[in-house]
Ligand SMILES: *Cc1c(COP(=O)(O)O)cnc(C)c1O
């Protein structure tokens, strides 16, 4: 006996559901790569990515996952022995730093926690102490998909400016681009890194760099540049150079369709949708938490991310049991806790191609699982989610 037959609800924080239109755009014979459609489509994607990153800088597309774009950002701007400051707030900035270290970069970590956003004041203090300007770049994530935190990128920029420090500001937007507000140029971000499979509604396999003028300047003297990632190579006139080889044809065709959908909805509307779905999720979790089943991983309401909600499970509750039950009985798949939260948390993604019924179906299934498994929980979660959505829709009309 199962209630799982029906649509799959994949609510892990990446990869996220891919719209039918995007899948269909990829379902066609391969095309030639030296001219015509794929050359124009690559150009238009590079142009439209600027709209999504909100930059007039350069954009680059790699046939790689997010880790590839991390490596690209580092090799293109830094030199062996340079020091970077990694601002910790969960798992992903740390892992970006691990990659930097493996490449011969000196990594200093600004210690953070899994329960709070990066403290911009701590950045300012550290940079003020760096009078010799040894730190060449600051690495942070906007949303950490493991802890569920959303960092305040603009506050960090202000902290760097307050310290009068020249380091490059590099931000990982892999779990936030196309989900929450980001203004690369207005917020003074020098290098932005993202990937296709989260907010951007595409299947995994493409990732991106966006580089502002200061980053392009640093690029000229960086000595870790390698051919595949090299920005200069990719800015060349020959179409083949844009991908440093054969274009990932179907991925580009899919990305084109995904960007069309994102821009047709309008970035501001996309951001509002994510905000509303996230608020509804938090409203449900707050009710469930009253019964002790779960708790928020991030202490302050305003630091909880709008693309994924990480929740701690109660003592003695193995989250794997809950997730197994959900998939087997409802075809809802949630993310498991990772890193410091391994074995202690679940993650509900509300990112990318996600609407109200998908979210409500997911949340209702979670509440159903609590009931079926006898996990103590406050019972008004779904009601609270509905009220949150109704309230926010009312606000938008008014
Ligand atoms: C998913 C994710 C990554 C890693 O991306 P991959 O495509 O798996 O390499 C990096 N940073 C953040 C914030 C992420 O959410």
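From the backbone N, Cα and C atoms, a Cβ is placed for every residue, glycine too.
Unlike curated records, TrEMBL annotations are generated automatically.
Features reported for this protein in TrEMBL:
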type	residues	note
BINDING	347	substrate binding site
DOMAIN	32-333	domain 'Aminotransferase class V'
MOD_RES	198	N6-(pyridoxal phosphate)lysine
Neighbourhood of the residue listed as 'substrate binding site', C-beta criterion under 8 angstroms, separation at least six
12, 13, 145, 146, 148, 308, 309, 310, 311, 334, 335, 336, 337
Taking all protein chains shown into account, the Cβ-based neighbour count within 10 Å for the residue listed as 'N6-(pyridoxal phosphate)lysine' is 29
Averaging the per-residue pLDDT over the domain 'Aminotransferase class V' (32-333), what integer do you get?
97
